[in-house]
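Undergrad: What TrEMBL lists as domain 'C2H2-type' is 30-57, 58-85, 86-114, 115-140.
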């Protein structure tokens, strides 16, 4: 039976259904025997298992740094090339490492601060800023209780 999607990516109806269930339906049939973390694809589990074994089969040709996944190696290579693949449409600032860095940066322009401190109510644009705030608060509590 021929391709069953407009892109021709799938060769059987079954492969389309598996794709729909795992990628779009949230089904995660592959789970780690060590920590029980679940994955939608076998390749995700395989890469994850390396976090437990410490295996890092992918080496950077320039500096020798080793990675557990080929995608991590690809991201690392940008350190050497200077490529900054993710840029802000508002101000042009660019980021080489992760799309997540760009997403966090874009909150600066929207003014959206979705991360709130449950103790004082102060809000932050980035989770890391909230974490830093909590550390400062915790240290103040420790100092004042001495």
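Keep in mind that glycine also has a Cβ here, set from the backbone N, Cα and C atoms.
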Undergrad: Could you count the residues of the domain 'C2H2-type' (30-57) that DSSP puts in helix, in strand and in coil?
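TA: Taking each residue of the domain 'C2H2-type' (30-57) in turn, the totals are 12 helix, 4 strand, 12 coil.
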Undergrad: Taking all residues of the domain 'C2H2-type' (58-85) together, what is their mean pLDDT?
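TA: Over the domain 'C2H2-type' (58-85), the predicted model scores a mean pLDDT of 89.
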Undergrad: Using DSSP, how many residues of the domain 'C2H2-type' (86-114) fall into helix, strand and coil, respectively?
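TA: Breakdown, helix to coil: 12 helix, 4 strand, 13 coil.
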